[in-house]
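**Q** Okay, handing you the structure first.
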Amino acid sequence: MAGKRALVILAKGAEEMETVIPVDVMRRAGIAVTVAGLAGKEPVQCSREVMICPDSSLEDAHKQGPYDVVLLPGGLLGAQNLSESPAVKEVLKDQEGRKGLIAAICAGPTALLAHGIAYGSTVTTHPGAKDKMMAGDHYKYSEARVQKDGNVITSRGPGTSFEFALTIVEELMGAEVAAQVKAPLILKD
């Protein structure tokens, strides 16, 4: 199962934990993760003023695809920036078209709505993004901490970041690898 690749799209205002925890957990599982800056390779200021340095620009990272999963962190401003980006739309449409995994957390799923991705799926979001996500009846809503429906994995917020990341690992690498990664993290069951 070696050779799995992930693309995490980092926009100004992204939620730090929802970015770093999935990146860390996926890398622990042996997934090659590229953190791509929406606005280029310059450091990105996140929602709590933490700066994260992308590995690549989104433009360059997209050329290096395809990826096994494309992940969208949350954060209100971050999700808004993802939602307004034609480049994000192109990446998501490509991923959906090839039936690749798409993962989004917190307010991140609102970018799926903005770009017309995975209509008809059951999703979850941060409670504060629920009304926006459900406008137009394009999705079914779940209160689950992590929701998987077909090739779409969504989650609720910073406190669900580990579960979200481990669900992605299990999907890409299998339950055994997910369990091996989880054990030393000392997570509460």
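Note that Cβ sites are derived from N, Cα and C of the backbone, with glycine treated the same way.
From Swiss-Prot, here are the annotated features:
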LIPID     CYS46  S-palmitoyl cysteine
LIPID     CYS53  S-palmitoyl cysteine
MOD_RES   TYR67  phosphotyrosine
MOD_RES   CYS106  cysteine sulfinic acid (-SO2H)
MOD_RES   CYS106  cysteine sulfinic acid (-SO2H)
LIPID     CYS106  S-palmitoyl cysteine
LIPID     CYS106  S-palmitoyl cysteine
ACT_SITE  CYS106  active site, nucleophile
ACT_SITE  HIS126  active site
CROSSLNK  LYS130  SUMO cross-link
MOD_RES   LYS148  N6-acetyllysine
MOD_RES   LYS182  N6-succinyllysine
**Q** Do you see any of the recorded positions CYS46, CYS53, TYR67, LYS148, LYS182 whose C-alpha is within 10 Å of the residue listed as 'active site', and which ones?
**A** none
**Q** Fewest neighbouring Cβ atoms within 10 Å: which of the recorded positions CYS53, CYS106, LYS130, LYS148, LYS182?
**A** CYS53
**Q** Going by Cα-Cα distance, which of the recorded positions (CYS46, CYS53, LYS130, LYS182) sits nearest to the residue listed as 'N6-acetyllysine'?
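**A** Sorting the recorded positions by distance from the residue listed as 'N6-acetyllysine', the top entry is LYS130.
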**Q** Select the closest residue to CYS106 (cysteine sulfinic acid (-SO2H)) from the following recorded positions, measuring between CA atoms: CYS46, CYS53, TYR67, LYS130, LYS182.
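**A** Given the candidates CYS46, CYS53, TYR67, LYS130, LYS182, the nearest one is LYS130.
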**Q** Given the recorded positions CYS46, TYR67, LYS182, which one's Cα is the least distant from that of the residue listed as 'SUMO cross-link'?
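**A** Comparing Cα positions, the closest of these recorded positions turns out to be CYS46.
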**Q** Kindly assign LYS148 (N6-acetyllysine) to one of the three DSSP-derived states: helix, strand or coil.
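**A** In the DSSP reduction, LYS148 (N6-acetyllysine) maps to strand.
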**Q** In whole Å, note down how far the CA of CYS46 (S-palmitoyl cysteine) lies from the CA of TYR67 (phosphotyrosine).
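**A** Approximately 24 Å lies between the Cα of TYR67 (phosphotyrosine) and that of CYS46 (S-palmitoyl cysteine).
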**Q** Between CYS53 (S-palmitoyl cysteine) and LYS182 (N6-succinyllysine), what C-alpha distance do you get in Å?
**A** 26
